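Quick notes on the structure that follows.
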Amino acid sequence: MGVRPGCSWIAPRSIVCFCVDVELGSSAGRYDALALLGPTASGKTDLALALAEQGPVDIVNMDSAQVYRGMDIGTAKPELAVRQRIPHHLFDVVDPAEAYSAGRFVEEAQAVIRAIRRAGRIPLLVGGTWLYYRALRDGLAPLPPAVPGVRDKLAERAAHLGWPSLHAELVRIDPAAGQRIHPHDAQRIQRALEVWEVTGIPLSVHWTRARHQGLALRTLVLIPDHRDWLHRRIAQRLEAMFAAGFVEEVAGLRARSDLHPDLPALRAVGYRQVWTCLDGRLPRERLFQAVLEATRQFAKRQITAMRPLTAVDMLDPADETARTRAVADFQRRFESLG
């Protein structure tokens, strides 16, 4: 596959170079952290754990669904035993009834990264939430805090009209934001309209204003050359999730009186479809296919966002040889330090 300008199509040595650049947590390093980015089911967690087994690495969550407690199976959260063996951060941060914004993620991730570096270790951000990655890398424009009353009214309108209708409204108000936000991305549509109603200023105007300083991230992006490989991985993961009790997990959340399907946590892919099924609005025999199709679409949107990245390294996660070399080179680097 050809190499795009400003982007190398992996050299496993780049992971080793990151270690040199960071200087094991020294403030003199060229980079603040390593980021492992990729679509759902692309093997990010497995590669991150393989790297963490070879050197002084702390894993920092960069997945907007894995911050929620009690949402373990459907988010493919690393098992508790793994998180206890290898330092993990920003998992199980909030209850599903709470909102967790990109601004809060940036604040908490920056604090965690500073602490990891002070301890002489390497922070490794792992996830597929493009908004979190971009906010951490580029900085975040100051935005007003969430206003529950405004959000509730928008959710009520969406329940009546549908999110695509509210997206059309956003396009009229703020064409730039409307173009960047997918018509079915309920959370971002809601936030954009909320910012407009609270401030009277389009979200796209806020984007152009002064931002908080971002971090220098050495980034490795996992994007498969062949879509069929990722589709097989997604199907296998979903089969394992359903066998592990995913429906029962959502049923437990649904039994809580303080939770409802319009909460940001429960709009996560899979949770939304299972909740709809439990409400009797989706036949059980169609549930797996509905989750499968939604997950494939989600992965497609992730890849669309990540593919244009420049100044990053890219790895085809289906290339086992490249993955093995990357981990082996990483291990040799730290053996040489001893």
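Counting begins at 1 with the first residue displayed.
Placed from the backbone N, Cα and C atoms, the Cβ positions cover glycine too.
Counted within 10 Å of its Cβ, the other Cβ atoms near Ala41 (ATP binding site) come to 25, all protein chains included. According to TrEMBL, the feature ATP binding site maps to Gly38, Pro39, Thr40, Ala41, Ser42, Gly43, Lys44, Thr45.
The annotation substrate binding site is assigned in TrEMBL to Thr40, Ala41, Ser42, Gly43, Lys44, Thr45. Counting Cβ atoms from all protein chains shown, Thr45 (ATP binding site) has 20 others lying within 10 Å of its own Cβ.
Averaged across the region 'Interaction with substrate tRNA' (63-66), pLDDT in this predicted model comes to 98. Annotated region 'Interaction with substrate tRNA' per TrEMBL: 63-66 (among others), in sequence order.
The region 'Interaction with substrate tRNA' annotation in TrEMBL covers 187-191 (among others).
Among the features that TrEMBL reports, site 'Interaction with substrate tRNA' is placed at Thr129 (among others). Spatially close to Thr129 (site 'Interaction with substrate tRNA') yet at least six residues away along the chain are Met62, Asp63, Ser64, judged by Cβ distances under 8 angstroms.
Per TrEMBL, site 'Interaction with substrate tRNA' is recorded for Arg151 (among others). Taken residue by residue with DSSP, Arg151 (site 'Interaction with substrate tRNA') is part of a helix. Remark: Arg151 (site 'Interaction with substrate tRNA') has Gln190, Glu194 as non-local neighbours, by Cβ distance under 8 Å and separation of at least 6 in sequence.
All chains included, 27 other C-beta atoms sit within 10 angstroms of the C-beta of Pro39 (ATP binding site).
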